[in-house]
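Here Swiss-Prot flags 1-242 as domain 'Deacetylase sirtuin-type', drawing on sequence analysis. Under the heading NAD(+) binding site, Swiss-Prot lists A23, T27, F34, R35, Q102, I104, D105, H120, T187, S188, N213, I231. Marked as nicotinamide binding site by Swiss-Prot on the basis of sequence analysis: F34, I104, D105. According to Swiss-Prot, the active site, proton acceptor annotation covers H120, on the basis of sequence analysis. What Swiss-Prot records for C128, C131, C148, C151 is Zn(2+) binding site.
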Amino acid sequence: MQQFEEVRTILEKAKKITVLTGAGASTESGIPDFRSANGLYADANVEMYLSRGYYNRSPKEFWKHYKEIFQINTFHQYKPNRGHRFLAELEEQGKDITILTQNIDGLHQVGGSKHVIDLHGTLQTAHCPKCKMGYDLQYMIDHEVPRCEKCNFILNPDVVLYGDTLPQYQNAIKRLYETDVLIVMGTSLKVQPVASFPQIAKREVGATTILVNEELTGQEYNFDYVFQNKIGEFVEGLSSIK
C-alpha cells in the first residue's frame with residue numbers, strides 16, 4: 001500500500017506526466033492482444049498481409065485481410081475501461097498528461113483523453129492517398145473496398161503498416177525529454193524503438209518511472225516503481241487511498 005501512496009503523491013506533484021500504453025491497456029475492454037499466442041497476429045502470414053508492399057501490390061486483397069485481421073465490423077462493441085477513464089480524469093483535473101500508445105483502437109480518445117500520440121496509427125480512420133481526405137471507421141465498414149468519393153482511389157488505412165516508419169516517433173521522443181514522470185502500462189516492452197523509452201526517461205531525463213504490467217518485462221531495473229497488476233487493479237489501488 002505504501003507504493004500506491006507514494007505514486008499518488010508523485011502524480012499529484014508532477015508537472016508533466018507521460019504514459020506509454022500497450023495491449024494490456026485494452027484487453028480489459030475485451031480487445032484481444034494481437035501479439036499473444038492466440039491473438040490475431042498468430043497467423044504466420046499476417047506481417048505480409050499488413051505490409052506496405054502488399055497494400056501497394058494488391059490493395060483490394062489488402063483490405064479484405066485488413067478487415068478480417070482486425071475484425072473492424074465488430075469494433076464498435078469495445079468501450080473504454082477504467083484505465084482509459086483514469087487517464088482522462090487526470091487530464092480533466094488539469095494535469096499536463098500525454099499518452100504515447102502502441103494501441104490502434106482509439107479507445108484513449110473515445111475515453112476522453114485529448115493529448116494522445118498514436119505511435120502505430122489508428123483503426124478509426126483512413127484517408128485518400130491522393131487528396132488526403134479522411135474517412136471514419138463506419139465508412140470502412142460500409143464499403144467492401146473503401147474508395148475516396150472524390151478521387152475513386154482505394155483508401156490508405158491510418159494504421160502504421162509493416163515497412164512504414166513511425167511518423168510520430170520524433171514527437172514521442174520530444175515529449176519524453178520534457179516529462180517528470182513516465183508511467184508504462186500494459187506493455188511487455190519487446191518492440192523497438194518503444195522498448196527504449198523507459199531507459200531514456202530514467203537514465204537521460206531523470207524522470208520518475210512507474211511500470212504497471214501483469215508480467216515482468218526484463219526491464220524492471222529501469223523503473224522506480226513496479227506494479228505487477230492489471231491496470232484496473234492499479235487504478236483501484238490508487239483510488240482506495242484516502
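From the backbone N, Cα and C atoms, a Cβ is placed for every residue, glycine too.
The structure, with features from Swiss-Prot marked on it.
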residue: A23; record: NAD(+) binding site; Cβ neighbours (10 Å): 19
residue: Q102; record: NAD(+) binding site; Cβ neighbours (10 Å): 20
residue: I104; record: nicotinamide binding site; Cβ neighbours (10 Å): 21
residue: D105; record: NAD(+) binding site; Cβ neighbours (10 Å): 22
residue: H120; record: active site, proton acceptor; Cβ neighbours (10 Å): 17
residue: C128; record: Zn(2+) binding site; Cβ neighbours (10 Å): 20
residue: C131; record: Zn(2+) binding site; Cβ neighbours (10 Å): 11
residue: C148; record: Zn(2+) binding site; Cβ neighbours (10 Å): 19
residue: C151; record: Zn(2+) binding site; Cβ neighbours (10 Å): 14
residue: N213; record: NAD(+) binding site; Cβ neighbours (10 Å): 24
Rounded to a whole number, how many Å is the Cα of I104 (nicotinamide binding site) away from the Cα of the residue listed as 'active site, proton acceptor'? 6
Please list residues from the chain of T187 (NAD(+) binding site) whose Cβ is under 8 angstroms from its Cβ, counting only those at least six apart in sequence. L20, T21, G22, A23, G24, Q102, V194, N213, T217
Distance from C148 (Zn(2+) binding site) back to H120 (active site, proton acceptor), taken between C-alpha atoms, in Å: 23
Apart from the site residues C128, C131, C148, C151, the 8 Å Cβ neighbourhood of the Zn(2+) centroid comprises H127, P129, K130, K132, M133, E149, K150, N152, F153, L155
Rounded to a whole number, how many Å is the Cα of C131 (Zn(2+) binding site) away from the Cα of D105 (NAD(+) binding site)? 25
Spacing of the two Cα atoms, C128 (Zn(2+) binding site) and D105 (NAD(+) binding site), in whole angstrom, works out to 20
